[in-house]
Amino acid sequence: MPNASSWSASSPLLLLWEDSSGTRIFLSLLYAVLAISGTLSNVMVIYLVFSFKKLQTTSNAFIVNGCAADLSVCALWMPQEAVLGLLPPNSSSLRSAEYRLLRGGLLGLGLTVSLASHLLVAFNRYVLITKLPSVYQALYQRRHTGCMIGLSWALALLLVPLLPGLWTPGSAQQPPPRQTDGSPRYTALLLALAVLGQTALLLHCYLGIVRRVRGSAKRVSVLNFHLLHQLPFPAAPPPPRRAQRRLSTVSVLLLCCVFLLGTQPLVWVSLLGFFLRPAPPALQAASWMLLCSLSALNPLLYTWRSEEFR
């Protein structure tokens, strides 16, 4: 089937070439919705941070960095996927190796910087809450913050040309099962291990924040209890903080759950394909789409509970 192979090789996420045209149209519409919503939300966050001095903090600098990277996926890559999904599999525009390389570069650049920004935001909040203010101020000077942001882009620019097969997962389905060239499988394994390690660090930071906040609130509550009984006159009880702590904990856990839902399917699909057997194309397509959908959801994840942004 020449048409089938050309479709799968040229469109890494639309792996369902054997399905009806209705399925491909549905996927194209889904990409279009994610592209529009993701572009608007990322541009809005960038605009707000640059327009209001109150929002120009170190943590928001990393969030803006992630939004800029997500625009590479939502504003530049997703619209192309939406259009290509409507073209016939034997279209000449799908066979250009240079064009596939350009699309893969946009996807790889955006996802790499976006995932790095997730980790930078988590580590920034972890240091802010769990370390002394002097440690935070020494680590997050303006120059150091700029270097961290620059390193995230330098890492992405280094990985994209060195590992072109990393961002074209559809090519892993092209060789026959007995072919000895396993470079796509190893690049997929590298991607899975990198995302898994980044996820472990991110969870360590956020769970450490939750433990520190809950422990500090508990110590403050015990201290207030003893002080109230030593006062010579009745004092009004302090305002309840349990609901606020619970809400903050739920917000952090929700952020972690959404991140896990977007990243872990691809990790385990890639590990399954390397150690056992390749997953069905539909499962691969769904795992990649979940990962890319984070580019549209990231602005909401980091701003929906922020009173300053509201």
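From the backbone N, Cα and C atoms, a Cβ is placed for every residue, glycine too.
Unlike curated entries, TrEMBL annotations are predicted automatically.
Here is what TrEMBL says about this protein:
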type	residues	note
DOMAIN	41-302	domain 'G-protein coupled receptors family 1 profile'
TRANSMEM	25-50	transmembrane segment
TRANSMEM	62-80	transmembrane segment
TRANSMEM	100-123	transmembrane segment
TRANSMEM	144-167	transmembrane segment
TRANSMEM	187-209	transmembrane segment
TRANSMEM	250-276	transmembrane segment
TRANSMEM	282-304	transmembrane segment
Are there at least 3 C-beta pairs under 8 angstroms linking the transmembrane segment (282-304) and the transmembrane segment (25-50), leaving out pairs fewer than 6 apart in sequence?
yes
Arithmetic mean of per-residue pLDDT over the domain 'G-protein coupled receptors family 1 profile' (41-302):
77
Quick one: find which recorded stretch in 62-80, 100-123, 187-209 has the most Cβ pairs under 8 Å with the transmembrane segment (282-304).
62-80
Please indicate, using numbers and ranges, the residues of the same chain that are 6 or more beyond the transmembrane segment (187-209) and have a C-beta under 8 Å from a C-beta there.
115-116, 118-119, 122-123, 125-126, 129-130, 163, 165-166, 169, 172, 252, 255-256, 259-260, 263-264, 266-268, 270-271, 273-274
